[in-house]
Protein chains: 2
Amino acid sequence: MKTIGVAILGLGVVGGGTYKILTEHRDFYRRTQNVDISVESVLEINRERALALGIEESKISDNIAEVVSNPNVDIVVEVIGGVEPAKSFVLAALHSGKTVVTSNKELFCKYWYELEKVARRTNAGLYFEASCVGGVPIIRTLIDGMQANVVHSLTGIINGTTNYILTRMTREGLGFDEVLREAQALGYAEKDPTADVDGFDAAYKLSILASLAFHTKVPLEKVYREGIRGISSLDIAYGEELGYVLKLLAIGKNDGGGKVEVRVHPAFIRKDHPLASVNDSFNAVFLQGDSVGDVMLYGRGAGALPTGSAIVSDIIYAATHGEHKYATFKNTQLPEKGVRFVTDFNSRYYIRFTAHDRAGVLAKVAGVFAKYNISIVDFIQKGEDIDRAQREESGDNIPVILITHTTSEFSVRRAVSRIAALEDIVKVNSVIRVEN
Amino acid sequence: MKTIGVAILGLGVVGGGTYKILTEHRDFYRRTQNVDISVESVLEINRERALALGIEESKISDNIAEVVSNPNVDIVVEVIGGVEPAKSFVLAALHSGKTVVTSNKELFCKYWYELEKVARRTNAGLYFEASCVGGVPIIRTLIDGMQANVVHSLTGIINGTTNYILTRMTREGLGFDEVLREAQALGYAEKDPTADVDGFDAAYKLSILASLAFHTKVPLEKVYREGIRGISSLDIAYGEELGYVLKLLAIGKNDGGGKVEVRVHPAFIRKDHPLASVNDSFNAVFLQGDSVGDVMLYGRGAGALPTGSAIVSDIIYAATHGEHKYATFKNTQLPEKGVRFVTDFNSRYYIRFTAHDRAGVLAKVAGVFAKYNISIVDFIQKGEDIDRAQREESGDNIPVILITHTTSEFSVRRAVSRIAALEDIVKVNSVIRVEN
């Protein structure tokens, strides 16, 4: 039986979960995987925390050099998060020839190149299933399950906090601020919620997933990013009437000819789309491959045990496969030659504006759209059925909602700024993309 | 760059799809997988069919010995289906040390032991992702993605034909026979639909999936099996009123203490369960792991290209991983020691019966259930709202529907036979399990 010694860097939520899984399942892995995995070392400044988990005093260290020079350690698990000191620690482990398993999406999407370069040189493994979508084996699927396919698109709900907030706004008609405050009180959202609600976390993950799906480095700065702070529950309700659900989507598209688009933003999707029923803190990724067609993976995107499951899955994978596989594209720093990132992507759009109730205003609006070659699918003037709160807010003004056919982002932006400047338009309230 | 020669045994739907994927993606795999995969041989009696696909005359063979002795062939793809001659051909390939990739669920679930014994001896790979749920990487997930978990349960919609039939019965209120005839006319169901509608196909797949999930051989004969021929669209409609959708489910449960249950039968699931919206010929598998929680994989369960995608995924996996992995349990013929298969499983039940409209009958029925310790959640006497067609069918009799709490299968069977014998009971029309 193979024996594998593991070091865990950081005993936070995920580190603690990983320790628990490894120790409780040690016999199970001996029996089912023919591998004996023991935790040989933990790097943790807070000794009390380590002792409380039942870790022997002699295995607790506060010195990375000590951990990576320990001959009993084969695999180093990095679950500290953020760039430093995680990066220095991971590099130290790789330089020592230790295989690294990490859950660190920010580190990985920003420094993949640097890490992989060292890993290849020292023949160390570099595994990162836990960096994206918690326990859902999306990275294994892209590398080892759908690799026969040219992947045309990837659409994901890959941030649990924002999905929880949007689900509650949808179900209960509450405003963003109120739900965020409650989520913070319950520990579902961070005190500083920026990484989640402004889409950074989803952008990190999309950069990694799209790189794997499209076999080219997708740099973080190429990901268009828009968060959910501006979302009004009114738009969620109007969308629902029209058959849509609002989600924070991470979208990657690859036209096969070198044109790649990557974007994170709120979007409406049809209620009968498999992603529409992914609620609360659940995550899912919907993939379209040229041979396999539509595939979706669904599960918990975060949490001590789901993320720990992904980490331990990587440990077992590294321990039971002969050779380490690295990225399927040559340069993990720069996009492949010939790849262009599209910023003027195509979409359908939901647009809500408030107009003075005067004859002619809709004709003027229609004229602007016509000028930009944007055709309208649905044109809904909320008159009779407008609810009182909304009427009080808007005075005599009426809200108008329209949904466009597929058109270009830039055309819509130009048309919207023209419409906002029309005399009879009080305000353009919302512009929300509608995914097919 | 590694070069891999492939032989395809059988150019039917899946064989043709596999050939197409391999030839059209040859450059893509060279570029993204660093492997050059060429089709070096096909075994096909119908030479015209092979020539029509563009295969060189010199590569077409009708002799398995010739194929497996071809030194250019590294991997043999078996897509003939059924036991013989597929079994002899696969054994011939394995004896020659060729890695085998198969889509053959019947062969695999019945003769796993025999095949793996030879594969281990000759150090040949044995891959079978395509045997279950088409292009959905469920086998890779169980082996390489969720292996950190004790899997407690697996619930799948793993037969496309029956899901298509049930979806249409649900949407259009049509009867089973009518939808089956249409499905046959459209080619969605076989002329002899037994394998699909009687649950054999799902039982083959469940035997394989449960073996992997629970790390013990689950013999086919241990799978309880019931098909969808007896399903009435009336029950689908009543279930819908109660918040349920009817699906043919393949269910595996593992209590962690050696008790395993495996069963294929129609069942109601709640409308908000992720499996409830898996419609038409789509398939999905819902898994519960002790660390990861709920995970679902969704996609096309059949078809030339989806199944071909799984086959080519296995080819690439075999070509790019150093060592072959075999089953994670020692004996692929017999269950592990200590495993017991439960036949008296627990479930909730939907029961519909027709009673003479006489005072007292419901009390008698309730008495029978009480005797067997079965408690009733819902007791619905369809009186006023019973539709005319049903009334004409039933005369003065009234249909009664009830849903039980979780109870044992055997208790329900005994109670139902007692109820059927009551004087005022015309008939017990349906007994359908309700999954939580």
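Our numbering is plain: 1 for the first residue shown, then up by one each step along the chain.
Including glycine, each Cβ sits where the backbone N, Cα and C put it.
Per TrEMBL, NADP(+) binding site is recorded for B:L9, B:G10, B:L11, B:G12, B:V13, B:V14, B:G15, B:G16. Every protein chain considered, the tally of other Cβ atoms within 10 Å of the Cβ of B:V13 (NADP(+) binding site) stands at 16.
Taken residue by residue with DSSP, B:K105 (NADPH binding site) is part of a helix. Of all Cβ atoms in the shown protein chains, 25 besides its own fall within 10 Å of the Cβ of B:K105 (NADPH binding site). Taken from TrEMBL, the feature NADPH binding site covers B:K105.
Its own atom aside, the Cβ of B:E190 (L-homoserine binding site) has 14 Cβ atoms within 10 angstroms in the protein chains shown. Positions annotated as L-homoserine binding site by TrEMBL: B:E190.
Sequence annotations record features per position, and here TrEMBL assigns active site, proton donor to B:K205. The Cβ of B:K205 (active site, proton donor) has B:K105, B:C109, B:S131, B:C132, B:V133, B:G156, B:I158, B:N159, B:A250 as same-chain neighbours under 8 Å, each 6 or more residues away in sequence. In the three-state DSSP classification, B:K205 (active site, proton donor) falls within a helix.
Marked as domain 'ACT' by TrEMBL: B:350-433.
The NADP(+) site, placed at the center of the C-beta atoms of B:L9, B:G10, B:L11, B:G12, B:V13, B:V14, B:G15, B:G16, has further neighbours from the same chain whose C-beta lies within 8 angstroms: B:I8, B:G17, B:T18, B:Y19, B:E44, B:V79, B:I80. B:G15 (NADP(+) binding site) sits 18 Å from B:E190 (L-homoserine binding site), taking the CA atoms of both as reference points.
When the domain 'ACT' (B:350-433) is classified with DSSP, helix, strand and coil residues number 30 helix, 30 strand, 24 coil. Ranking the binding-site residues B:G10, B:G15 by how many Cβ atoms sit within 10 Å of each one's Cβ puts B:G15 at the top. Least packed by the Cβ count within 10 Å, out of the binding-site residues B:L9, B:L11, B:V14, is B:L11.
Restricting the average to the domain 'ACT' (B:350-433) gives a pLDDT of 85. Secondary structure at B:V14 (NADP(+) binding site), as computed by DSSP, is helix. The DSSP secondary structure for B:L9 (NADP(+) binding site) is strand. With respect to their backbone Cα atoms, B:G12 (NADP(+) binding site) and B:E190 (L-homoserine binding site) stand 15 Å from each other. Between the CA atoms of B:G10 (NADP(+) binding site) and B:E190 (L-homoserine binding site) there is a gap of 19 Å.
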